[in-house]
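Accompanying notes for the structure given below.
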Amino acid sequence: MASASHAPTPLLKDELDIVIPTIRNLDFLEMWRPFFQPYHLIIVQDGDPSKTIRVPEGFDYELYNRNDINRMLGPKASCISFKDSACRCFGYMVSKKKYIYTIDDDCFVAKDPSGKDINALEQHIKNLLSPSTPFFFNTLYDPYRVGADFVRGYPFSLREGVPTAVSHGLWLNIPDYDAPTQLVKPLERNTRYVDAILTIPKGTLFPMCGMNLAFDRELIGPAMYFGLMGDGQPIGRYDDMWAGWCTKVITDHLGLGVKTGLPYIWHSKASNPFVNLKKEYNGIFWQEELIPFFQSVSLPKDATTVQKCYLELAKQVRAKLGKVDGYFNKLADSMVTWIEAWDELNPPKGGAPTANGPPKK
């Protein structure tokens, strides 16, 4: 009886926020209740702010709609996307916790091969609390997991690893495909459960998906800007990938790690491939320029904070990608605005100077 009444405190209970972008009632939280209820939720309502979003009873949450974003950020609200799940990054900005987990409202609890429910949040936390190994690949994957270690030939000088900034989870059922692949493989489902976690090597980019993602907000938060997407923009469905490319370049520069693999969630429904194609059309062409750009980005040695790195990246986006399309000049402006808004809502501890100069009095 004593053990039943003294359940263990969930990991990082007071140090983590769960950020959910949505346009609908959050009935999906009922399935996640055993895992999410102890944590604080930040819900970012997209679309019509007059619509009421129903949240199941018993959850501790705060909800922001477009009116709230405009009120809190004023003119700087222009950097937050509208009618697109990229609006979730506003939740990253207003959080005061060290860690963030973000999930989409069509993602349900998956089961492992034994049929047991997967506590995705717990696995993300384990990923973030153990080091990464971006400088040398370990062929047994994550050497810090139970039952694994560094293989013969792995340099002892690199075995301490580096802090993990990002934990990128995967999906069973509906894969995260682009529109052309969806159209070619409309019935394809991911049924493969791979029990592995990898550190993505330094210098290697990856397509980050925002529907099952955790990160250390103190280490990398200002880089997690999901760009200008959706209403009034010539591109969509590249929000999380843009953030991933920026984040990976910055983590590489600052000596931080990014993991991918476990945990899995169950992605319940496929979005419309024809609608997706309209959103992705420009991006499909532009990414052939974007990837070489990010592969060749070099950040200066004096860029020692995420903010400084991000502002330098914005400069290079304007100088090099502005030639691809005028949209990237607008995006570069929004990257700068994002950092200004971040610093306003998150003044540095102890009044230290920010990337934008001395703290405001």
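Just so you know, glycine gets a Cβ as well, placed from its N, Cα and C.
Look at TrEMBL and you will find ARG152 (among others) tagged as site 'Required for activity'. Within its own chain, ARG152 (site 'Required for activity') has no residue 6 or more apart in sequence whose C-beta sits under 8 angstroms from its own.
Among the features that TrEMBL reports, N-linked glycosylation site is placed at ARG152.
TrEMBL lists ARG159 (among others) with the feature site 'Required for activity'.
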Cβ neighbour count within 10 Å of ARG159 (site 'Required for activity'): 15
